[in-house]
Structure formats: C-alpha cells, structure tokens
C-alpha cells in the first residue's frame, strides 16, 4: 500500500477526502496509485465521486467543493497545496485531461488547432513551429481527414467523433506522463465509440502513457484497463487487476455491476427461449410513414427524418426499434403517440386508423397509446407532487377521485416497486431511476394497450437501467401490454425484445425476430451495430475494430444519402 | 435537494432591501392618515429655509414642509409605479403567454408589434405622447404601462416557449388536456417566480422613468408632486436647503437600489 | 454576411418608416386640431380657419404625411409654431451639442465599463468582485438627477470650482467648453458605466460556468488568460449588444442631464417644445432620437454577427 517504489509511481492519492461546502461527503479517504504506463480505471455510478477524484488528480476542485483531508501527489508534487503557477505548468505537460463531452469542452469561437497547441505555447515547451508540426503529426496519427488543414476548423465544423479525436490530440500534444480520461466515449454513438476506444488504447500503448480512466461502463473499461477501482458513494469498494475484478470479484457491489453488465450482453440471447409466435393479432401497424420538419411538399418534409417506415407490433409483444442518434427513432415514437404529425403514411391501432395529431384522436385512442420518454426530468412536472402527477391522469381518463384514486395510486406505485409514501414527494426529491418508474406508473395509470418507451434507460446507470428493463418486461408479462421499446443500446434490447427493427437515417434496414437479427444480422449496418456492443471480455475491442474495418467499405456504398 | 436548501440563511442584501421597501410602503400608508404638516400649506415665509425642530427637512421653494411633501410624494410615486407595472404585467403576461401557446399568426403579429415598441427610446415616446395628450397622472401611468409591457411580453413569451417544449406539457397535451389545465395547472407554478422577479425590476424602471418625466417638468403637475417633481421644484435651493432637492432624489435611488438588490439576492438564491 | 446586413438594413428602414407614421400620427392627429393648439387662447374660429389653410391642415392626412416625410428626408422639418422659423435651423447646433455630450460619454464609459466588467470577472467570487458588484448595482439603479444634483452641490455650490449651468455658445473656447461639459459628462458616465459593467460582468459570469472554461483551466491556462481569451471571445457579441442597447439609458440620461445643466442640446429643445406644444419641433427631435437609436440597434446586431465564427473565412494551418 505505501508507495515505496516512488520512481515508478506517477499519481499517488492518499486518504483523500473531499466535501461540499454544505457538508456532504463527496470523497471519503480514498487512496490509490497509478504507476508508469499503467491504465487504472475508476468505475462507479453517477454521484460515486469518480469525476471529483479525476479532477483532483489535476489539482482542480469544482466550485463549492473543499478538501477535508489527505493528499494528491502527481509526479512528486502535492497538487492540493501547489501554487497556481505550478499547477498551470503541470496541467497539459505532466497530466492532461480528456473531457466527456468534447462538444461542450471545446471553445466554440477558437479554431481547433489553436486550442490543441495552446498549452504547449503557454508552457513554452514547444516553439510555435514545433507545436504545429506536432499537432499535424497527431491529427494524421489519429486519422483525422486532411491533417494539414483540419486544425483551422471551428468546433461546429467537425463531427462529434472527430471532436473527441481532437480532444485526444490535445491531451497528447505535450506527451504527458498521465492522461486523465473522464468518460471519454459516453457521449458517442456505439459505432463511433469503438473507434475512439481503439484509438485511445493505441495512443496510451504507443506512448507508454499512464492513464486514469473514468467510466460507468464496465465493458468499456475491461478493454483498456490494467487495473480497476470500483467506487461507490465516495469510497473505493474494491481495487484489483482487471482480470481479477471481472472473473473473481470480492465485493457484492462489484458482483452486482458485473451481473448487470452480463444481463445486458448479447450472450443473453442464447439463453432466451423463443417466444411463442403470436403473429396473428396485430395491435399496431405503421405503414409507409414519412415525417420530418419544415414545410411538406409532395409528401416529403423539408428536413425528413423518416422515409417510408413500416412497423408491425403483435399483441403482447415487445418490439424494439434500434438506431443511433439521427436515425429518426424518436420521431417515430412521437408520430405513433400523436405528438408529431406525419407527412405520409398511416398508424393503425387494432384496425382503427389513428389521426396524425392527438388533437384529432378520440379520448379512448389517446388513452390506449401511452408514451414514456427518456428524460424523466422533463417528463414529470417538478412543481407537482407524485400524487398530483398520477392523480391527474386517473381523474382525466377514468374520473377517479378521493379514496378510489388514492387506492389506485398506491397500486400503481406498487406495480413499479415504489413505496406508497412517495405520493407526497416531488420529482426533485427522488432519484433518476425512481423518476423513470414514476414515468412508467403515469403511463400505466391510463391503462394503455400500447406503451412506447423512448430511450427510458439511456440516462441511467448500468445497474438501475437493468432494473428498469426488468420492470418493463414484468409489466408486459403481468399486464399483457404491447410495448414498443426504442433504444440506441443493442445490449438492452437483446435482453427484452421479441422482435427488432433497425433504423438508419430514417429507413428500416433490417427487421425480424430479435434472436435472428441480433445473432445473425444480414444488413452490414446491423452487423456493425452488433459488433460494436462492448463485451465483458478482454480482446473484444480488437475483434470489433477488425470487424468494423471490414464493414466500413460495404457501409459506405450503402449510404442512402450518397444517392 | 430543495429540502436541504430550505436551511439557508437570509443574505444581508436581502434583509437590507426588504427593510427599505417595507419602510417606504409603511410611509405611503401612514401618509394617507397623518402627516407632520399639511403638504400644501406654508410653514415658513422664507423659501428654502433650513431644517429646524418640527420642520425636520426644512422648507421648499414656496416655504412648504419638505418632510410632509416627501411622505405624500412617497404614496404618489409608489402608487404610480405599482399601477404602471401591474398594468404592464397584465398586458405583457397575458399576450406573451398567449403568443407562446398559440404560436403561428398571433405570435408573429404580437412579436412584430413588440419589436417596434422595443426599438423606440422610452423617454422619447413619453415626451411625444405628453406633447400630444398633455400631462396627467393617468397619461403617465398609461405610457409607462405600454412601453414596459413590451419587455414583459418578451419575458413571458420566452418562459412560455421554454415550458411548451417540456415533455410534461407535451404529454399533458397529448392526453387531451384543455388550455385551462395546461396554463394554470402545469405552467403557472413555474412562471410565478420569474414573473415576480421581473415585476420588481420593472417597477424600478418605472419609478426612474416616471421620475425623469416629472423631473423635466412633464410628469405630475403642481401643486401635486411625486419625488421627481419635488427634486425639480427645489433645484434652485441647493445653497440654502439642499435637502429639499436631494431628499426626494435619494428616496428614488433607495427604492430603485432596494428593488434591484432584492432581485439580485433572489436570483442568487435560485442559482445555488 | 453582406446578405445579412442588407436584409437587416431593409428591416431597419421599414422600422423607421413605421416610426415616422407613429410620430406623425401622435403629433398631428392625436392632439385634435393642431391649429387650435398652436393658437392656444387666441383661437377664434376665423384665426383657426386661416391658420389651417396656411398650415395645409385642410388637406387629407395621407397627403400631409407624405409631404412631411418627403421634406424630412431632405432635412426640411417644416416651421416652428412658436418662432415661425424653419425647424432645421433650430436643430443643427443642438444636434451637434448633444452628439458631443453623448460621444464623449460613450468614449469614456464604454472602455471603462468593459474593463471593469472584465476585471470583476477575473476576480470571480472574491471580495473585490462582490464589493464592486454591490457598488455597481447601486450606481446603475441611481437616477442621473441624484448624481447630477450631488455633483452640482459639491463642485458648483460648495466648492465653486465649476459652473452649475453648462453655457455653450458657438464662440466658446476649448477650455470653457471642457469646463461646461465636465459635470454633465461625469453624471452620465457614472450611470452608463455602471450599467454596462454590470451586464458585462453577468455575461462573463455566465460564460465562466461553461465546460470549455473548465477545460481551459485544466489545460493550464492561467486565470486571467481564461477570461481574456476564452471567455471574452464568446462575450463579444452579447457585450456589443449591451453597449448599443445602453444608449437607451443614455437617451433618457441626456434628457435629464440637459435639463439640470440647462445644456443647449437636442433633448432640451425637445422638452421645451413639448411644453410649448411646438409639434413640428417635437416631431423632428423624436425622429432624430429614434433613428439614432434604431441604427445603434442595427449596429449591435451586425457586431454580434461579425463576431460569430460561422462568418469567418477559412485560414491555412500554418497560421494557427
């Protein structure tokens, strides 16, 4: 534990405690070390203190936080006591930071190249010519297009994946000893995530850089870390070699994390019994749906997001709609729910044709299709207690009041495994997972036939997401609901869906039984998606990258907008 | 989260500004029933005679009691500012929320009208209208209400537009809820605080605006006087009784500063 | 870019056209019979009738408006009802005086205010920032006439250093002009500086919470450079906007200050004309104030656009 091999240790955190000014403990006597060339992953749920710890490695505390004990030594310097000038010299040079959202972390009004070389010029560690040459070299190394010119672009002129590459280039500009990566791939689509992860791994290996790698995703971490530290509520629960943590975890919480991860893996498909074919009774049919934004001319909107989409959902089925950002999956959910008017095409509910907008649908039709949305924060009115949120729906659709309504509300909360006293709480007083449960309870209060779940797990931590998925499945089994489950996350979908529809750029590229589609996809894009889902085994990343390279050419040819 | 915040201490600026505002409100009420002297009666033969016992702030340019006129002016000034702001909010909030929820043509027309009003310097609008209609308390209140309702409209419309995008509003609409529930059930609790904040800041603008009109001689007409009018009337006596002119000017500054500090303190609370 | 400016210019012209309609309507139709107003207590039916013909009031309003507009565009604002002389003759010197007062105030206040705002932002949250914030808040909420009165009381009445009244005539020398301008300018500078500094501080404060600011700090960029380079660049557009919009306060401040110091400017002329209901002069003054204001808002929009990186041309890599 006591770092005697001082030469070898780059970062030594010793009994570090950090609290908020209001007195809440954020970090509780955390100790860890990162040695030269080693990648230490910090894994934990949101609020576990992992980002605070990562920033403390650079001697930075966010406003409102104070150190209450312990020390952080980076290359021998006490980062919590060092004067600002020393910190400024070390940041970028000794340790650099790679932020989660590159889109927010680049200054929108400064050219990317200038931002990448800024530290080096400030530190005078490189002359302007050297710095520019180094930047060009890095841009080429991380496969940015036209490396000699791309640095003149502004952040808004490149894609999200490219921005994350710039972030990596910026981190490597001065060849620091330590790279602090804070969820570097969480904001990216899965297919982009593979690329960026492979790149990071390569950069770290090629430069023998040490890294502190923060993530909530164990599968991601398993690909890149030499050691893993599991954090929970400001403490390190368990720390060990990657193989040991994955294969023989010692703590219950670690086991729970791994279980949640495996639960969501494609491996689950193999164990899933094929659901009896119920094909005959179609609960919902979507045919030839075209929708988008702007003026509609000749059945095509100015900015189309869906092109002639078909979808069939049988009674009691869970049908998943999969797609990355920009695939049009949320538009599809909103059209079915009547929140967004289609330009062309029809939505049929049990043989009844539904009007485009809910204003033209009958009250019964509106009740029968319910939507649960991704951001539970904006889905629940923060100024209303849960009693009012649920009660309003009961009153509106069923005229329930007083004791009858109260009893039904308790029943609803029980259905989503929340205690009855939560009725008196405001949405701001419950956790993200609980909000999502309330979100579902409100949809259930209408007693719908069709429940549309739009990315309801994507804002949640792995374990909580797993619980919500299990809840959705249970609700289908108990209530016989028909569920349209929209997600970008194949792993989530694999464990729950009977059938799958894959959307890309607003078109259906593949649809069928989920076991068939996900275990033997025929479309190259689906194959790419499937190959991009991180698996909890070492060596997966290399396989995925190879697969991706092979699929890239096929995909390029099949780009719908290339035509 | 919000439970934790409730144990916060009151900030000194909040206490200070609230104390000033309450004091002036009390003076305004008291002035209805009792004043040290008759504000329209002469207490001194000398104009601008300096303060003595009983005439605590001395006499004004006609020899009337400055303190009594100041207290009387408090009521007039605050009444005018509050009614103008209230009217501005009635017009601005209603039309702003209407524009946000209706959108389309209604929104476009109202927004263009507001653009025009906001593109005019308020004091010049005030001068032109006074030139056309003459000056009276109701004209001044009317001008202030109209010119400030444009700013209120912008705020209310922006609030409404932000809320409209919230999923809970969209879901309520898709459920088939009527306009009444959307506006009063879902939106109202969210707009009360920002609009109240705007009310305070807008009231401080209105006070400065109306006082300036009175100060240049185009506001409240003699013998009645608001604070701005008093500052003007007594400008000639700076050498013998400066309090007659400076007193009312300080009163305006105090109320205006207190309103601004109140808003700042409340905003600060909202942020932490 | 050129397209944007052309479009905004067109919108501004349309706005000015609407403003001219409103001003004309307010001054010639709203008050009832202008001839009656002009004659005041001397109005007999015959007099009024004669004056109506002389002023062309028997013509339809649309025709009168067009005549007035065509004249105004050429600088002919009609004749004053009080002095009977052409309005344009009254305006020229007054416009120059007010432009001088406003110009000097802006030249001093804007750089001062932006510097103050930036310095406060650099001291983000520390005692100096908080103390200065309260002072600035208080000053920005203080009416100009309190400041002006206090300045007169101190420098003119008690110390006797400066004139309480700002006499300006065509023949006054530089020294005399400077003495006359000192107090009016000082009153305006304080309030305008406070207002712009406060908003600059708020804009910067908002930007300082952005993720790219934390990133700059984590790259080892020193605090001052973070504000001056990373934050200020993103604040230029909004600050330009604030500066232009603050001319609104400047207009009202000028009205008050010209009154206190009996400064022979356009605002003073306008107030006198409102009092004597000399409506052609009021129209002219109102149009000049509104046009200046509208053009400044246009300038603010264009500035905000210019500092948007989306409108910058590409540059080769070796220039970074």
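Cβ atoms are placed via backbone N, Cα and C, with glycine included.
Residues annotated as domain 'ABC transmembrane type-1' in TrEMBL: C:95-300.
Here TrEMBL flags C:99-123 (among others) as transmembrane segment.
Beyond the ends of the transmembrane segment (C:135-157), by six or more residues, the same chain brings 116, 120, 163-164, 183-184, 186-188, 190-191, 193-195, 197-198, 201, 252-253, 256-257, 260-261 to within a C-beta distance below 8 angstroms of the stretch. Residues or ranges marked as transmembrane segment in TrEMBL: C:135-157 (among others).
Beyond the transmembrane segment (C:177-197), the same-chain residues lying 6 or more positions past its ends with a Cβ under 8 Å from any Cβ of the stretch are 100-101, 104-106, 108-110, 112-114, 116-117, 120, 136-137, 139-140, 142, 144, 147-148, 151-152, 155-156, 162-164, 166-168, 242-243, 246, 249-250, 253-254, 257-258, 260-261, 263. The transmembrane segment annotation in TrEMBL covers C:177-197 (among others).
Annotation comment: TrEMBL describes C:239-261 (among others) as transmembrane segment. Residues 98, 101-102, 105-106, 110, 114, 117, 143-145, 148-149, 152, 164-166, 180, 183-184, 187-188, 191-192, 195-196, 199-200, 203, 267-268, 270-271, 289, 292-293, 296-297, 299-301, 303-304, 307 of the same chain sit 6 or more residues outside the transmembrane segment (C:239-261) yet have a Cβ under 8 Å from a Cβ within it.
Taken from TrEMBL, the feature transmembrane segment applies to C:281-307 (among others).
When Cβ-Cβ distances below 8 Å are used as the criterion, the transmembrane segment (C:99-123) is approached by residues 129, 132-133, 136, 181, 184-185, 188-189, 192-201, 203-205, 208, 223-224, 227-228, 231-232, 239, 243, 247, 250, 254, 257-258, 263, 265 of the same chain, each at least six residues removed from its ends.
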